[in-house]
């Protein structure tokens, strides 16, 4: 019985070990995003609609996988938020905005460190250097929220993955910063910031190829672990089968011996009588 339990526990631990890469494919920087992101809506409401925020926008957010632009975009967001923080006083009426921006700066700085730790050093990038542009609070924080969403699925990129963007793409043509697009902030509840987006939003944000690779990375370890689990189960069953057969035979022999002994005992008692 103890041997059976040992084999079962071994198979369970093996399954968990093989599923470990599957868990790591889900946003490795995701835990850096705190509930303070929900204050973005309040901050946008507090800022004048015609207030302009400077941001060095990284082109290609619509046409490239997130790992291509997120490392640069998050740095530029950090710089812009830091500049914005310096413009607000940390006393009196500016305290609310100052506190919100300060928390957002801390989040973005943590994401910068996470990207540096997990980005591929051999990744080739061919897009132009970001150029400073002016954005309204709605436009700026739309880019901010989309960058935050990208971290939900951020994984380590393949070393052979190239990030090439067409030379004809300009910030003005990028629909992500189109000034005519209505401002739609994502839900600000903490659960929605940590849960997956809807399938339609995922398709809009990620190219089909990137999504296919993501699902392949999830499916292959799962399939491999199932095959290994069945193989160990078959080997264990094959090993245990002869011993089980012998055990059944021994039980039958013992029962027959007991019956014979009982009959002999009764026969002796009858003869004595």
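Even glycines carry a Cβ here, placed using N, Cα and C.
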Between the ranges 215-237, 238-260, Swiss-Prot assigns transmembrane segment to 215-237
Which of the listed residues, 89, 167, 191, has Swiss-Prot annotated as O-linked glycosylation site?
167
Selected residue, Swiss-Prot feature O-linked glycosylation site, from candidates 25, 41, 168
168
Please name which of the recorded positions listed here, 97, 114, 145, is nearest in space to residue 68 (disulfide bond), Cα against Cα.
114
Compute the average pLDDT of the predicted model within the topological domain 'Extracellular' (26-214).
68
Helix, strand or coil: which one is residue 97 (site 'Not glycosylated') in, per DSSP?
helix
